[in-house]
Each structure stands twice: as C-alpha cells, then as structure tokens.
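J.: TrEMBL lists 20-466 with the feature domain 'Major facilitator superfamily (MFS) profile'. Feature annotation from TrEMBL assigns compositional bias 'Polar residues' to 51-62. Sequence annotations record features per position, and here TrEMBL assigns region 'Disordered' to 51-73. The transmembrane segment feature in TrEMBL is assigned to 93-116, 122-150, 181-203, 209-228, 272-296, 316-338, 350-370, 376-396, 408-432, 444-461.
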C-alpha cells in the first residue's frame, strides 16, 4: 500500500529547498566536469600525429618554447601543450581508476554521512576533487602512475560527495516533491557532461589541454565556498528558512521515523528483494551510461571521423537531452503522483521501464545506421536522454523503501553501478580492440541485454512501501 503524503502547503520554486536543489545541481555539474575532463583532454594528450616529442614532454617545456619563439602560432602552442605515449590499455586503466576510488568510499561515506551529517563530508569531497583536478596536468608530467593515484583519490573524494546528497534529501524533500527536487539536482551531471564535452575541445585547441583541468578545478573551488555558506543538513537548523516552509517540510516527513544514531539492519537488507531490484537497476543503468560517457568522444572520432573540437561538440549534444529529460521526467512523475493518476510504485516502474527499454532500442539500432551521419547522431542523443528517465524510477526508490537509510543504500546502489561501469569499460575496450565494426555492435547488443535483465528484475520485485526493517529502532548492528 502506497503512503499518500499530505498536500503541499509550502512555497514552491522560490523556496529554500529549491535553492538547495540548484546549488546541488551546480555541485553535480562541477564533479562530473572534473570526472569527464580526461575523456576529452586525452584525445589531445595522446595525439601522436600532432608532434613527435618524447614521452616525457611537458607543459612547462611548451610554455618556455612559446616564449622563446613569439612568432609561433597559437595553433602550434596548443598542440605542444604535451603528448604522452599512453597505450589504449593504459588509458583504460586511467579511465577506470576514478571508479575504483568511488567504490572504496561509497558505503562508508554513506553510512557516516547519515550519522554525522552530509554537509561537511560532501563539501570536503568536492574540495578535494577540485584541488586534485588542478594538480592533474602536473601529475601527468611526473608519470602515469601518479595520474592513476590522483584519479583514484579523486574518485574517493567524489564518492563522499555523491552519497551525502541523499542524506540531505531525506530531511529536505517532501514526498510529493522528491522526484522534482532530486531531478533538478541530478540534472547537473548531465548538464556538466554537456558543457565539458562542448567546450573542452575548444579550450584544448585555443589554450591547450591543461586549461581544461585548470578551469573546471577552479570552478569546483568556487562551488565549495557557495556550498559551505548556504547548505545546512536539515531545514530545522537553517537560519534563513521561513517558518511556513519549515513547517511544511517537517509535517510532510512526520510519518517517516528517523534517529540520529541508528544501527543498520544488514541481514534484513540482504534478504530484501525490493532492494536487490534497485541494485540490479543501478547495475544495468550504469553499464550503458558509463560506455556513453567514457567512449562517446572516441566513438564519434573513430566512427564519424571528426576532429577533437567537433568530436567534443557532438559528444556534448546527448547530454542536453539527458539534462532536459531528467528535469521533465521529475516534473511529470510528481504531477502523476499529485493528481493521483498513478500509485507511487507504478510511477517508479513506468519511468524505470522507459529509462531502460528506450536506450536499449537505440543502442541496438546504432550498428545498423552507422553509414548515416544524422541518424547516428540522433540515436546517440536519445540514449542518455531517455536513460535519465530512470532518475524518477529506481534511482530514488531508496527514499521510498527506506528513507532512514537512504544515504547508506545509495552508496551500495552506486557501488553496483560503478562495478558495472568498470566491467563495461573493460569489456568495451577488449571488444573494439579485436575488430572495430563488429566490436561496437557486440558492445551495444550486450548493453541492451544487460538493460533488459535489470528491467525485468525490477518490474518483478520492485516496491515503494517503507520496509518493516526500515521502521524499527532496535535492529541487527552493523
């Protein structure tokens, strides 16, 4: 039986909770740009057709050379920013290293954020990630090992930041506004992917690839100042919230029990099929999404044969659709709930179905339209766009089934997703290294099969009721 929250009474888009959603949108924007920066920069970093410098070529050398030869064109300067002799296998390790780091901190950071508060952990994670982004070009000159270490630690920092968000929403988001608020915040990742892929190639051409890291690392530091100034862990303690909005949020969450220091019912969670349905959905969703985020510039560059600037611009287009679908999907989901057109579980399953089935169909069609430039671009735009409809489905389902443990469970869920991303990235690299044409076809077919498995499992076992173990106070200790 779905719980029907009280009707909303508080302010809407001018309220503090929507301001919080916008700041979290900016935070997600910042973190994804720092994560994806390497995907666009690496095209220039390892482009051996541009120069024949030794593997240790550095940015500092290029700057010195440019100063000694003032008549040399800016085009020559930017191509000489640095080039490294990194094999495709090495690049794959660098790409996946940030996922390993995120996995290491997802579960413990989610648990600790639920106990000590998410503001400090999320802010610290964002700050560390930003500083390491600024340090990445220098690390590349010291060697690939240091780059891998930097990316791994950066992943650990972002893992702290990602999971802490759901602890905040468990206290700030009224049930009828969860899809809307979380979709506004979550769309920052899609918008960030669009921006970095759109302007990253241009930045690389005009200023040199190191400035990709400098610009977005600096943006993260600015975001940290905003985060620590405006964000509070709960509405009760926020000094600027109106009494009307505070009362609305507190009363709408009153039926959901919480305790600041609580044990975690591990045994009950392991036996809970609705949770496994969420985990399976995350695994399927992240499988294809990771391939798109990581390999899209490479796919466009090799299959459509475009340069680094145009590859970045084309790679950014799918994330416009992704950001739009995330926000519109959240609006539609809350509309269906507020008008009682569908029950909560039917809304979750509807958007999960759309978010897993539609991108699978597009992925299966891609190998058959490779000769058509326009059709290929349209399908590539639709894949992440339709995939992000899951944000109103199983992505936020932990807030329905266990709001007290939402941050902890989000850590586990993203852990499943990141494991899927590591496996899919490695598998993709192996398949396309054998034969490019058949390799990409197998990549997309396999992705569709994984999505279908996750969809069937979620439709069979997914629920939206608060589980019994999520309402008890005395439970199996962690």
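Placement of Cβ uses the backbone N, Cα and C atoms for every residue, glycine included.
Any TrEMBL annotation is an automated prediction that lacks curation.
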J.: Please work out whether the transmembrane segment (376-396) lies in contact with the transmembrane segment (316-338), by counting C-beta pairs under 8 angstroms that are 6 or more apart in sequence and asking whether there are at least 3.
T.: yes
J.: Averaging the per-residue pLDDT over the domain 'Major facilitator superfamily (MFS) profile' (20-466), what integer do you get?
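T.: When the pLDDT values over the domain 'Major facilitator superfamily (MFS) profile' (20-466) are averaged, the result is 80.
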J.: For the transmembrane segment (350-370) against the transmembrane segment (444-461), do we get 3 or more Cβ-Cβ pairs below 8 Å once near-sequence pairs (under 6 apart) are dropped?
T.: yes
J.: Looking only at the recorded stretches 181-203, 272-296, 316-338, 444-461, which one has the largest tally of CB-CB distances under 8 Å to the transmembrane segment (408-432)?
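T.: Answer, by Cβ pair count: 272-296.
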J.: Under a Cβ pair cut-off of under 8 Å, which of the recorded stretches 181-203, 316-338, 444-461 contacts the transmembrane segment (272-296) most often?
T.: 444-461
